[in-house]
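Feature annotations, reproduced from TrEMBL:
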- GLY37, LEU38, SER39, GLY40, GLY41, ILE42, ASP43, SER44, THR141, LYS170, SER192: ATP binding site (BINDING)
- ASP43, GLU146: Mg(2+) binding site (BINDING)
- ARG121, LYS154, ASP161, HIS238, LYS239: deamido-NAD(+) binding site (BINDING)
- 16-234: domain 'NAD/GMP synthase' (DOMAIN)
Amino acid sequence: MAKNIFAENDYTKIKNRLIDWLQTGVKNAGLKGAVVGLSGGIDSSVTARLCQLAFGDEMLGVVMPCHSNAQDREDALKLAAEFGIEVVENDLSEIYDHFLANLEQSGIKGGKLAAANIKPRLRMTALYYYAQAKDYLVVGTDNWSELKIGYFTKHGDGGIDLAPLGSLVKNEVKKLAEVLEIPSAIIDKKPSAGLWDGQTDESEMGFSYQELDRYILTGEAEPEIEKKIEKLSVKNSHKVAPVPIPRREDIV
Ligand SMILES: Nc1ncnc2c1ncn2[C@@H]1O[C@H](COP(=O)(O)OP(=O)(O)OC[C@H]2O[C@@H]([n+]3cccc(C(=O)O)c3)[C@H](O)[C@@H]2O)[C@@H](O)[C@H]1O
Ligand SMILES: Nc1ncnc2c1ncn2[C@@H]1O[C@H](COP(=O)(O)OP(=O)(O)OP(=O)(O)O)[C@@H](O)[C@H]1O
Ligand SMILES: [Mg+2]
């Protein structure tokens with residue numbers, strides 16, 4: 001059997017280093033704590049728990065259903081209650097419906113993704129409201145696997161101030177979740193962006209996190225999987241690059 005490359009790290013050490021890293025990031029910004037969107041999924045649960053350990057009471061979780069799965073909302077609220085994380089809830093479903101209808105009044109109708117990507121961008125707007133109100137940073141949940149292939153909404157869940165999980169692949173986040181005592185119902189849940197009914201990361205990506213993570217860490221993958229990963233990585237590289245600006249000498 002192939003060795004488990006995700007089990008090799010010391011996750012207690014990683015936990016402690018990430019707590020330090022978060023504290024340094026917030027201190028360098030001259031601010032007090034962190035705000036995190038709580039989806040009921042593993043990435044936000046791990047991020048919220050790390051922030052709580054880093055900032056104690058100076059940490060806010062925000063649950064923002066937007067035509068979302070009721071179980072996810074319950075899991076998010078349960079996690080907050082279990083760890084004593086302060087939580088507020090904003091249901092964005094009606095705002096989303098109004099906003100989309102308003103946009104469509106222009107006569108321009110977008111496809112499924114144009115509409116669905118509004119959801120994470122509304123959440124981003126709410127998170128920045130709370131961050132500014134409380135002198136916090138917006139702490140994102142994006143992991144290395146998602147960043148590698150650009151599997152996030154630009155200026156949505158990608159619109160953040162710090163990304164503590166950005167150097168860990170998804171399966172490593174799972175191991176970290178165990179050390180943080182995240183409930184197994186959350187750890188074992190199928191990853192989903194929750195943008196539409198039945199959406200799962202792996203079916204949309206066209207490969208598994210196991211395959212993606214193995215490729216990121218070892219460079220090994222079936223040729224057709226490698227091709228898919230590299231294609232997405234190139235296509236979405238703009239999402240992790242600074243915004244292009246023309247060189248002054250080329251235009252003046
Ligand atoms: N070369 C380029 N240089 C600069 N900008 C470029 C560009 N190509 C496109 N763009 C811009 O980027 C936009 C497309 O990017 P974007 O708006 O992000 O949209 P897109 O990548 O099409 O969709 C987001 C993807 O992330 C997934 N997602 C979203 C949210 C959460 C999660 C999750 O893991 O939970 C996953 C979602 O299911 C979907 O597959 C274009 O409309 C255009 O404005
Ligand atoms: N209903 C929601 N309420 C609050 N925040 C949300 C909600 N849905 C998504 N988010 C935010 O968007 C982030 C990106 O979603 P994503 O699905 O990648 O992470 P996750 O749900 O934590 O984990 P998983 O990828 O395993 O589903 C979440 O981690 C969370 O911060
Ligand atoms: Mg999710």
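Cβ from N, Cα, C; glycine included.
TrEMBL does not curate its annotations; it predicts them automatically.
Worth saying up front: this structure is predicted, and the values here are computed from it rather than measured.
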### Entries of GLY37, GLY41, ASP43, ARG121, THR141, SER192 (binding-site residues) sitting next to ligand 1, with Cβ under 6 Å as the cut-off
none
### Summary
The sparsest Cβ environment within 10 Å, among the binding-site residues ARG121, LYS154, HIS238, LYS239, is found at HIS238
### Task
Check the binding-site residues ARG121, THR141, SER192 for any whose Cβ is under 6 angstroms from an atom of ligand 3, and report them in sequence order.
SER192
### Contacting binding-site residues for ligand 2, chosen from ARG121, LYS154, HIS238, LYS239 when the Cβ sits under 6 angstroms of any of its atoms
none
### Query
Counting every protein chain present, what is the number of Cβ atoms, excluding its own, within 10 Å of the Cβ of GLU146 (Mg(2+) binding site)?
29
### Task
For SER39 (ATP binding site), just count the other CB atoms lying within 10 A of its CB, please.
27
### Query
In DSSP terms, helix, strand or coil for THR141 (ATP binding site)?
coil
### Task
Between any two of GLY37, LEU38, SER39, GLY40, GLY41, ILE42, ASP43, SER44, THR141, LYS170, SER192, the residues recorded as binding ATP, what is the biggest Cα to Cα distance in Å?
18
### Message
Under a three-state reading of DSSP, tell me whether GLY37 (ATP binding site) is helix, strand or coil.
### Response
strand
### Task
Write down the Cα-Cα distance for THR141 (ATP binding site) and LYS239 (deamido-NAD(+) binding site), rounded and given in Å.
15
### Integer Cα-Cα distance in angstrom, SER39 (ATP binding site) to GLU146 (Mg(2+) binding site)
16
### Inter-residue Cα distance where the pair is ASP43 (ATP binding site) and GLU146 (Mg(2+) binding site), in Å
11
### Message
For the C-alpha pair, I'd like the distance in angstrom between HIS238 (deamido-NAD(+) binding site) and ASP43 (ATP binding site), rounded off.
### Response
23
